[in-house]
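For reference, the structure is listed below as structure tokens.
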């Protein structure tokens with residue numbers, strides 16, 4: 001009955017040993033990326049346990065408490081959620097303990113950037129301990145994860161808007177013809193990709209002879225939104241640019257595709273149902289990669305954002321600096337005086353905590369696959385609506401960033 005916990009211990013121990021070997025080379029400036037590496041390791045561990053730990057979990061009496069043993073898929077989902085819970089507790093604890101850190105004289109600043117061997121050990125212990133908690137704890141965490149994942153998806157959208165606006169501003173400020181041409185090329189390519197991809201979606205998810213009104217609605221609305229982004233951004237009273245609008249359009253089309261491809265394999269309007277295993281696996285890998293990249297970007301961007309990512313006391317709030325920060329700021333001293341922290345440590349760890357919830361939902365298909373084939377991941381109507389609602393939320397937030405300065409002219413939205 002100790003088999004599953006032993007497997008989790010072995011996997012976590014291997015990850016911990018690998019991380020520990022790199023701990024000595026982690027500097028203050030690379031600490032943020034080290035947290036990203038730890039998060040990526042948790043994703044790999046979750047995936048491995050999902051694939052191989054189900055038979056072992058069935059032997060643990062406090063997990064298999066049922067008179068009739070559930071399907072293997074249930075134990076796969078349970079393993080993923082337990083790793084996700086351990087990861088969440090690790091980062092949530094750091095988020096709470098870092099509240100109020102304002103300058104680098106605070107002892108918690110050194111703990112945030114150092115002590116990596118101890119951190120890796122604590123992370124491994126937390127993951128292992130989660131395989132000893134009763135199922136009711138995991139069930140409660142599952143429910144909370146759906147809300148936390150929604151918050152993380154909203155953060156992803158904010159990060160995308162932040163990225164596109166900064167990309168556009170950096171090229172516009174160069175004030176050279178070649179960069180203006182580059183902006184035009186990127187815009188044209190993005191819009192052509194959006195409409196061409198939408199046409200492909202019509203072929204894949206609106207097969208002839210089938211009544212696929214819902215899929216047609218999703219695709220047509222995506223095209224309408226792409227036009228709306230351009231029209232609003234080019235309006236004389238809106239201080240917008242068409243290049244960010246084109247990138248948001250491509251992203252919206254991608255979200256529409258991920259939603260439609262997550263439809264059940266027996267759904268007649270899913271033209272990819274014959275390849276559901278391959279599609280679901282590719283969507284899972286792409287979703288995991290997107291999650292890691294968005295977390296990495298959120299982490300490194302936290303030090304240079306001019307909005308809610310940096311505390312008001314930060315010397316970089318409102319300034320444009322490299323993503324990994326100024327060396328003097330990161331090293332903590334300049335002229336013998338302590339520097340204010342360059343970003344909010346609490347928000348930094350909160351991003352990882354929410355991402356832990358989201359990764360758990362991603363690997364379990366938002367707990368909608370327990371009744372479907374075990375090889376399918378991120379497939380089901382729950383996943384479809386999560387993806388589509390994320391697309392609509394992205395559109396709403398982007399339009400809001402364009403029209404908010406008009407609606408509230410006395411407020412500073414820069």
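Glycine residues also receive a Cβ, built from the backbone N, Cα and C atoms like all the rest.
TrEMBL: automatically predicted annotations, no manual curation.
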Which one of these stretches, 79-100, 145-166, shows up in TrEMBL as transmembrane segment?
79-100
Please figure out which one of 79-100, 181-205, 212-235 racks up the most CB pairs under 8 Å against the transmembrane segment (343-363).
79-100
Do any residues, 6 or more residues outside the transmembrane segment (79-100), come within under 8 Å Cβ-to-Cβ of it, and if so which ones?
4, 8, 39, 42, 45-46, 49-50, 53-54, 57, 108, 111-112, 122-123, 126-131, 133, 137-138, 141-142, 145, 148, 345-350, 352-353, 356-357, 359-360, 363-364
